[in-house]
Amino acid sequence: MNPQAKLIFVMSLFLGTTITISSNHWMTAWAGLEINTLAVLPMISKSHHPRAIEAATKYFLVQAAASALVLFSSMTNAWHTGQWDITQLTHPTSSLILTAAISMKLGLVPFHFWFPEVLQGSPLTTGLILSTAIKLPPITLLYMTSHSLNPELLTTMALLSIALGGWMGLNQTQIRKILAFSSISHLGWMAIIIVYNPKLTMLNFLLYSLMTAAVFLTLNSMKVLKLNTLITSWTKSPSLSSIFLLTLLSLAGLPPLTGFLPKWLIIEELTKQDMVPAAMMMSLLSLLGLFFYLRLAYCATITLPPHTTNHMKKWHTNKPVNISIAILTTLSLVLLPISPMIVTIM
């Protein structure tokens, strides 16, 4: 892609995100979401491959439908209350429609079907944007309207997202699809707590973005898209593969890594809210995600399985690790000890 065009699309992405997260009026928030959608479409379809064009088409249709629902929700609320302020969303029907719209934008179950397909058709760098930056404006809208949302509906959707995200990621061989189902599962953890402690949702999103960025940039550095190419990555960059193992375990939420912090705080908050059964179900369902993270880690670092087909082994290369990968990976591993400070800041 032309560097000038890429700069325009990235700047538009920043502009759309800034407009949405800083707006009080529904129309400006909607405009920011539309700018984001239009900015990311060329990034998805830049390879001109049929799968990329299909991914861009699916993304456009889903996001257009979700944006229409956001408008419909705000207009319904304005019709009944006379308010266009985002924080004044008080009408129950408007809240339900908005929940459906934001779930479509995020990829929460049962509106999740588009996300793995779109991520599979996108390059890794665009996949990183779709998994992190694009999700910030919708989550901000949920944060601003959290007092009006239906807790039972969000709890049901969150549990289904964690279950399906773990279950459907088990038999995948494409790494981008595995990461898409991982994202759906993590969104379930964010959705269940948004009504009770919105700041905890934002903390979870921030830490998830750090860990996912580390994983995507590592895979992009190793030029890996499938499990059978990940198997040979150890011979190419053993040190990066070793750190990749720890980053995956952090994404799975194992102590003493950073990924354990949001899960620990969310389970603690759910227990305070007398939602022990939901907390137990989430903890058990997260074991499904742990299985495919361990599968990725196993392929990346532990073994080279026997092959019936010949393939060329890579030479060891002493290519320096990108500084952004080093910083993100470090943050993905060592933030748990400073959790008291993080909780105090919240």
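Every residue gets a Cβ built from N, Cα and C, even glycine.
Where the annotation comes from TrEMBL, it is an automatic prediction and has not been curated.
Computed from a predicted structure; not experimentally measured.
Residues or ranges marked as signal peptide in TrEMBL: 1-23. Listed by sequence, the residues of this chain that lie at least six past the ends of the signal peptide (1-23) yet keep a Cβ under 8 A from its Cβ atoms are 29, 31-36, 38-40, 42-43, 46, 86, 129, 133-134, 136-137, 140-141.
As annotated by TrEMBL, domain 'NADH:quinone oxidoreductase/Mrp antiporter transmembrane' applies to 23-288.
Annotated transmembrane segment per TrEMBL: 55-75 (among others), in sequence order.
Beyond the transmembrane segment (96-115), the same-chain residues lying 6 or more positions past its ends with a Cβ under 8 Å from any Cβ of the stretch are 33, 58-59, 62-63, 65-67, 69-70, 72-74, 76, 89, 130, 135, 138-139, 141-142, 145, 149-150, 153-154, 157-158, 160-161, 163-165, 180, 183-184, 187-188, 191. Per TrEMBL, the feature transmembrane segment maps to 96-115 (among others).
Long-range contacts of the transmembrane segment (153-171) within its own chain (CB-CB distance under 8 A, at least 6 residues past either end) are made by residues 96, 99, 103, 108-110, 112, 116, 177-178, 181-192, 194-195, 275, 278, 281-282, 285-289, 291-292. The transmembrane segment annotation in TrEMBL covers 153-171 (among others).
The transmembrane segment annotation in TrEMBL covers 178-196 (among others).
Per TrEMBL, the feature transmembrane segment maps to 202-219 (among others).
Per TrEMBL, the feature transmembrane segment maps to 240-258 (among others).
TrEMBL lists 278-300 (among others) with the feature transmembrane segment. Nonlocal intrachain contacts for the transmembrane segment (278-300), taken as residues 6+ away from its ends with a CB within less than 8 angstroms of a stretch CB, comprise 155, 158-159, 162-163, 165-167, 169-170, 172, 175, 178, 181-182, 185, 188-189, 192, 227, 230-231, 233-234, 241, 244-245, 248-249, 251-254, 263, 266-267, 270-271.
According to TrEMBL, the domain 'NADH dehydrogenase subunit 2 C-terminal' annotation covers 290-342.
Look at TrEMBL and you will find 321-343 (among others) tagged as transmembrane segment.
Non-local neighbours of the transmembrane segment (321-343) in the same chain are 203, 207, 210-211, 213-214, 217-218, 221, 239-240, 243, 246-247, 250-251, 255-261, 264-265; each lies 6+ residues outside the stretch with a CB under 8 Å from one of its CB atoms.
Outside the transmembrane segment (178-196) by six or more residues, the chain places 106-109, 112, 115-116, 119-120, 127, 131, 135, 139, 142-143, 146-147, 149, 151, 154-155, 157-162, 164-166, 168-169, 172, 204-205, 208, 212, 215-216, 251, 262-263, 266, 269-270, 273, 278, 282, 285-286, 288-289, 292-293, 296 with a CB less than 8 A from a CB of the stretch.
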